[in-house]
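> The domain 'SAM' feature in TrEMBL is assigned to A:7-70. Residues or ranges marked as transmembrane segment in TrEMBL: A:131-152, A:178-199, A:211-229, A:276-293, A:300-321, A:327-343.
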Amino acid sequence: MKKVEAWSAEDVSDWLNKEGMPEYIKVLHQTDGPALLSLTKADFTVPPLSRMSPDGGEQLLERIEILQMETHIEDHKNGHANGHIGGIPNGTSKLQRNGTLGRKDFETKIRIPIPTVEPPRSSFPTEWGKTGIAFIYAIICFVTTTVVISVVHERVPPKEHTPPLPDKFFDLFDRREWAFSICEINGMLLVGLWLIQWILLKHRSIIGRRFFFIVGTLYLYRCITMYITTLPVPGMHFKCSPKLLGNWEAQMRRIMKMIAGGGLSITGSHSMCGDYLYSGHTVMLTLTFLFIKEYSPRRFWYYHWFCLALSAFGIFCILLAHDHYTVDVVVAYFITTRLFWWYHTMANQQSLKETSQSNLLSRVWWYRLFQYFEENVNGTVPRNYQLPLSARAFHWNHAVKYSRLDIQ
Amino acid sequence: MAASELIEEDEVRIPVEANVTSLNAPAHTRPQRVANGNPTRHALTLSPPADDHDGTNRSERSGLCSLVLIQSLNRKLKRRCEYEKICAKEEHTDRLPNEWWKTGVAFLYALFNLVFTTVVITIVHERVPDKSVSPPLPDKFFDYVDRVPWAFTVTETNGLILVGLWLIQWLFLKHKAIVGRRCFFLIGTLYMYRCVTMYITTLPVPGKHMVCAPKLYNDSKGKIWRILRLISGGGLSLTSSHLMCGDFLYSGHTVMLTLSYLFIKEYSPRWMWWYHWFCWALSISGVICILVGHEHYSVDVVVAYFVTTRTFWWYHTMANTHELREAPNNYLSRVWWNPVFNFLEKNVQTTVPVVFLSPRALLSSCKERYHTIGIERDE
């Protein structure tokens, strides 16, 4: 390629074509090599160039500069072009920016320093310690609930004294004895399915933490609502165990029995009355379904529909058995779904993990606890599965670390 | 062929780029559309001043090879995206549009729900068990605190003051259409939830002191009279419009006290902390006085507080956090009122700033609005 100074107007036009700037060809059709090199920014402020060039000629001037450099290097090919291109700082190269070099036979070594990076930390650290704390929190809430049920039982008005309250559902549907057993069986099935699913999840520590926290908080709320106002029994069929007024030992034994039986009537551990607002069975049925749906693959729609049917029918059976008022079930559903969605929205959105004027979700009382649990989790937890034993086998080999190869 | 035409249109456009924004302004096109750019649309809207260019260019272009065409087209498109900017001022005014008709829709929704609540109260009143049949339920607060007869008057007075303060504050807000819409929507939804909980299970009266009007078993006319009386009195005992029982779960008074405080705090300047504390004191004392007056069970008040605060914070987070609107797993949008929310808040692009108009500005804006309405009507 001959030097730019020796270019004719035709060469300039060809070069403009090659560079992909054919619009300048018409304006610069009289320009030859030297005139091209002498173009300055001032030339672009007057017509006709000002009309042709929306960016004040910057791009064209840049290309002319590159062209100059190329010819300069071509001249000094065997000389001191090693690693330097016309005084540009080490490691950067203007030529490499847009990637379109005019010359393909360009040989020089460019040194680009790569800073040594540490292997990036996982976005989903396991942190079993935090899961342990959430578990203890849930256990405390369960035990508190049991104690409160025992306390409230002493205050339930006898059914002869205060008959069951009028309830719309009870007016429409008569009681069926077998319904509550179905509800509890459904509940146990759903909890079992969720447990199996949880064991198969890869990020089980994070998800387990969420489950324990949400369940604990829901039962804590339940303690409060049960305690402050005591609703009468919803049906005359209820057989409430006798009140143990002041007999602490017997009350403790009753509490233990309830915890051991998981609070289910099937196991015969739940013979106490008064825990109506709001329904713990509804909480478990709804929550397990929400977690199952959330942390299972989307294509398992038949599995989701099956669990939804179990959950919905279970809740319907609670009412059919006249074991809870309708308002208990509705309030339980509302609180469970709202808490679940609230927590997960905050967990998935980084901007909601910081307090700010526009983040009103942070005004809940448990926000600090939430931040503690979810601060190191970056982004949405993916639905990955892993057998638990294989993970343990993996632990014994130290993770293979790859290091950067140094080529001199 | 098409590519070369595009380049020509590009060429034609470049000299007249300055006209792009001003031409678009009266048409009120959305910023996004203009920025992405559609070469054909622009070429159609602009009057090409360089018609003579086309003829001469066409002959020259015929000899170009396709690779150069594509390359230059690519570059031009890139450049076009860089340069077609929209006036910043125009963008700003579009981000918080008034849309008073949406506020009207929200107002009708709230009105409908208030009337519906009144109807449900009348129905539920017929089903409240008699005091002798169903005595008041055991309540922890009632065990500790005996009834004080004048407490409920304090509640209602506080409620009226808070609502009055909020009304005045709202009148002076610049974006009152948007804020009003939110207020009406939340009131409507909370009262609708209340209808549901009141209707499905009927709690007995919380205290023996309550005087419930006699039941009108099949007297529809009498019931309608009661409904009208309740609406006209605003549901307050002060106006003696509220003689009906059964509307206990959950407490409407708590809803109004909490909600007006939340709105007052949210849409007032942050430095007015004394004002916030005063309203908070009014609100809290009002709520406690409901319980002291034995007018509601504790669970009614607690559930009302919970539902009000959660719904308020939920709605406002959805409205303020714009990343959520495009986020794939936005669980907040799983509520049943998400379509209504989208309808109300679709065009609100940013957090509503707390800006007030001075009384003079308020009057002049009112006059302006009436003036323009008058002109429109004349036309």
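Glycine is no exception: its Cβ is also placed from the backbone N, Cα and C atoms.
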> Just to be sure I understand, if DSSP states are collapsed into helix, strand and coil, how many residues of the domain 'SAM' (A:7-70) fall in each?
43 helix, 0 strand, 21 coil
> Would you mind listing the long-range same-chain contacts of the transmembrane segment (A:276-293), meaning Cβ under 8 Å and 6+ residues beyond its ends?
145, 183-184, 186-187, 190-191, 193-194, 197-198, 207, 211, 214-215, 218-219, 222, 225-226, 229, 231, 234, 263, 303-304, 307-308, 310-311, 314-315, 318, 324-325, 327-329, 331-333, 335-337, 340
> Same chain, outside the transmembrane segment (A:211-229) by at least 6, Cβ under 8 Å from its Cβ: which residues?
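Cβ under 8 Å, 6 or more out: 131, 134-135, 137-138, 140-142, 144-145, 148-149, 151-152, 198, 274-278, 280, 283, 287, 291, 331, 335-336, 339-340, 343, 366, 369-370, 373.
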> Report, as numbers and ranges, every residue of the chain located at least six residues beyond the transmembrane segment (A:300-321) whose Cβ falls under 8 Å of a Cβ in that stretch; write 'none' if there are none.
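Contacts with the transmembrane segment (A:300-321): 169, 173, 175-177, 179-180, 182-183, 186-187, 189-190, 193, 279, 281-282, 285-286, 288-289, 292-293, 329, 333.
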> Below 8 angstroms Cβ to Cβ, which residues of this chain, lying six or more residues outside the transmembrane segment (A:178-199), approach it?
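Beyond its ends, the transmembrane segment (A:178-199) has Cβ neighbours at 207-208, 211, 264-266, 281, 284-285, 288-289, 291-292, 295-296, 307, 310-311, 313-315, 317-318, 320-321, 323, 388.
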